[in-house]
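As given in TrEMBL:
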REGION    36-65  region 'Disordered'
COMPBIAS  47-57  compositional bias 'Basic and acidic residues'
DOMAIN    66-118  domain 'BHLH'
Amino acid sequence: MCKDIWTMMLSPDQQEPDLPWGQTDRETLLNTLSAQRGAIPATSMDGDGKARSGEERRRRRRATAKYRSAHACRERIRVVAFNVAFAELRKLLPTLPPDKKLSKIEILRLAICYISYLNHVLDV
């Protein structure tokens, strides 16, 4: 009996067998089983009557063009802000020659050295 119920729940394309307690609605079955276990149902029903988990809903939402476009826009804004911050930091650091192109890691290392040098100057 349990094997038939789990088979029906895991493969929704199959014909629904007659359930021993007379239920034929899949949503009612899921709610009854989760209520018997004392749990809140982790799935919901979509328009086709198929159970869909929260993870699957998130995956489908993230696959939409609107979501991808918004995510790409946020990422571009983040990268621009990151690069502007490094450019501003670069302007504050003394280098020879003054227009030398530094990588981000070089900028960070030079900033650490410069801060420690300024601390030393203030302590003396």
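Cβ atoms here come from the backbone N, Cα and C positions, even for glycine.
Values in this document were obtained by computation on a predicted structure and should not be read as measured data.
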Helix-strand-coil residue split for the domain 'BHLH' (66-118), DSSP-based:
42 helix, 0 strand, 11 coil
If you average per-residue pLDDT over the domain 'BHLH' (66-118), what number do you get?
94
